[in-house]
Structure formats: C-alpha cells, structure tokens
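A.B. asks: I have a structure here, written as structure tokens, and I will follow up with some questions on it.
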Amino acid sequence: MWKLVVVLTVNLLQGALTDVYVMKDVTLGFGQALEQCREESQLTEEKMEEFFHFWNDDFKFEHRELGCAIQCMSRHFNLLTDSSRMHHENTDKFIKSFPNGEILSQKMIDMIHTCEKTFDSEPDHCWRILRVAECFKDACNKSGLAPSMELILAEFIMESEADK
C-alpha cells in the first residue's frame, strides 16, 4: 500500500513540475518578442526591465504600455484575432510548439478565455489585455502552474551563455 502511495505522489509531483517547466518555456518563448515590441508599445527601458519579473508576486499591472507590449507580442506570434481577442487555434499551436506543450495547451487556453470574458467590456485593448494578463497570472498561481523567478532567471542565464 505504501509503495502505491509513494508512486502516486511521485507521479503527481513530476506532473506538476512538468507543467511548471512547460509554462517556463512558453514564457521565455513569448518573451522573445519583447525587444521588437518595445518601441511600438512605448515601453521605457525601466518598464521593459520590470517586465522580466512578470511572475514575481510584487509585479504591478499598473501601466497601460505593458498591456500594449503584451498585445504587440501576441500579434508578433499571431495569437490575436482582428478584435484583439485570443486566437484559440494559433495559441494552441504556439503552446504546442514547446516541449510537452500539449500537456498545458488546453488548460492555458481555457484560463485565458475565462479571463478574457471577465474583462470583455473594457474598450481599450491595452488595458483589457493587461487585465487579462493579471487574471491569467493569478489563475496560474492558484493552480500551481506559475514558474518561479529562480527558474526563469536560471534558464535566461543559460540561454544567454549559450548565445555567446
């Protein structure tokens, strides 16, 4: 009986870790468009630096230009419809383009869609997208999907070293 409990616990932990690693990969992949979107969204160097701390508990969703940057980044990967709502099929393909992305794709799409419905009445696309991002982050934290800043930074440093 104890062996079964241990095996089930290990499997649950491995699944949770896999989810976090997939989220880390999607985050870093999505973030690749940030530099290209900095000017278009009028993001200062300081605010761009803040953006790298998205998963920190103290990250503030206060500045409209952050929403504009997320909108630009989403457009860069063709993840939005003409009305600046999530394009479900393209978002699914984007998430599945990462290792083990199929594990989280539907869950992420459902969370984003739920958040979009909550803020659908916001007429300003940048503000709405910023609110959706905050809602999505909260949903990820509640479901244990949010990667730690340590994990994000470690991967970022490894990628930077590999580029040298």
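Glycine residues also receive a Cβ, built from the backbone N, Cα and C atoms like all the rest.
As the structure is a computational prediction, the values presented were derived from the model and not from experiment.
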A.B. asks: Tell me which of CYS68, CYS72, CYS115 Swiss-Prot records as disulfide-bonded to CYS135.
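C.D. replies: Partner cysteine, according to Swiss-Prot: CYS115.
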A.B. asks: Based on the record in Swiss-Prot, give the one of CYS37, CYS68 in a disulfide bond with CYS126.
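C.D. replies: Here Swiss-Prot pairs CYS126 with CYS68 via a disulfide bond.
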A.B. asks: Of the disulfide-bonded residues CYS115, CYS126, CYS135, which one has its Cα closest to the Cα of CYS72 (disulfide bond)?
C.D. replies: CYS126
A.B. asks: Whole-number Å only: compute the distance from the Cα of CYS135 (disulfide bond) to the Cα of CYS37 (disulfide bond).
C.D. replies: 22
A.B. asks: For CYS115 (disulfide bond), name the DSSP secondary structure in the helix/strand/coil scheme.
C.D. replies: helix
A.B. asks: List which of the disulfide-bonded residues CYS68, CYS115, CYS126 have their Cα within 10 Å of the Cα of CYS37 (disulfide bond), in sequence order.
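C.D. replies: Of CYS68, CYS115, CYS126, within range: CYS68.
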A.B. asks: Would you identify the secondary structure of CYS72 (disulfide bond) according to DSSP, in three states?
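C.D. replies: The residue in question, CYS72 (disulfide bond), is helix (DSSP, three-state).
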